[in-house]
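Asks: Quick one: the structure is below, questions incoming.
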Amino acid sequence: MLLSCVHLIRRPLQCIQPLIVLPSRSFMDLKALVSSLNDFASLSLAESWDNVGLLVEPSPPHTVSTLFLTNDLTEEVMQEALQKKANLILSYHPPIFRALKRITWKTWKERLVIQALEHRVGIYSPHTAYDAIPHGVNNWLAKGLGVCATVPLHPSVAPSYPTEGTHRVEFSVDHTEHLETILSNMRGIPEISSLITLPARAEDEEQTRVSLNCTQKALLEVVALLSQNSLLYHKTEIMLLQKPLLPHTGMGRLCTLSEPVSLSALTERIKSHLRLPYIRLALGTGKTLEAKVKVAAVCAGSGSSVLQGVEADLYLTGEMSHHEVLDAVARGISVILCEHSNTERGFLSELRDMLATHLENKITVIVSERDRDPLQVV
């Protein structure tokens, strides 16, 4: 039997480096990001007194790779944002609310602006725009009650309809020769828009129907002009133009529970939802902890103005004044207070996930770990 010889050939070993593909870091231009944030929640939904939008802008161009979410932007939270290399801070509460007359190192809010600009960090605040949206803070707070149907306490209206004017005036002109004179006089009144004429027929007579939109101020001049012709004036119709309501959008929520729940059980649900060991409770006159709650009025933060006069079994909010609580209790309404920002902060975790999806995961979205309510029970 023949055995074949096997020759071993020694060769130097070659070290093959594994091919590692590192994910490229994503960026968004600040202007594009702000535009996307405004699409997520229109700033037109914010209260007129609020200060929302981009509050601090580094010199362009400015790109953002990390969006940092916080309820309150304190100096401690600012340091955290800088440590985590944030390029834009979304602070639910606007750190700049009242006008700053100078930017010095004297006050903590001025120092925030200085640090943001020195480190090229933008600051954006949505505040009450997030209160109003259907997927916002108040809807999140209402989830703590359990299964319920919710409607806004104060519905928002469409911001851009109608585009001009508060009133519509319509009247008919019988004689064509009078028409041009009337139209000329109308066009001379400021704050009149959408002036149109249409052929009409009334009582077997050919007429011209005139329609216009005007402001409250211009309405007075229009009425004065038309009243010079009594026949024309008596054929005038004046309509108040009201903007349509936006569905599921507005301040506060009125929540009707699917099943009545005892107040004691409801307080435990709320504490669990907000992750709080304690909350403050004022029992409505004639109520006990076993009293059933069917309807609850909810407002994140400071709910006094939003909840005022609302009929419900329970008010749930962050804070109310002593006398406002007394007024509610006297009406048989129980009140739960959880401290202002405790009724808002938990929303940030949901917001992080929603924004990541809305922004198509182009940037990193993180939530502050140091942000907390300034008050604690000791």
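Note: Cβ is positioned from N, Cα and C throughout, glycine not excepted.
The divalent metal cation binding site annotation in TrEMBL covers His93, Asp131, His340, Glu344.
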Asks: For Asp131 (divalent metal cation binding site), write down the residues of its own chain that are at least 6 apart in sequence and whose Cβ falls under 8 Å from its Cβ; none is a fine answer.
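Replies: Non-local contacts for Asp131 (divalent metal cation binding site): Val137, Asn138, Met251, Ala300, Gly301.
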Asks: So if I draw a 10 Å sphere around the Cβ of Glu344 (divalent metal cation binding site), how many other Cβ atoms end up inside it?
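Replies: The Cβ of Glu344 (divalent metal cation binding site) has 26 Cβ neighbours within 10 Å.
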Asks: Determine which residues of this chain, when His93, Asp131, His340, Glu344 are set aside, have a Cβ within 8 Å of the centroid of the divalent metal cation site's Cβ atoms, and list them as they appear in the sequence.
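Replies: Leaving out the recorded residues gives Asn71, Tyr92, His127, Val137, Ala300, Gly301, Ser302, Gly318, Ser341, Thr343.
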Asks: When neighbour density is defined as the number of other C-beta atoms within 10 angstroms of a residue's C-beta, which of the binding-site residues His93, His340 has the lowest density?
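Replies: Comparing Cβ neighbours within 10 Å for the binding-site residues His93, His340, His93 has the fewest.
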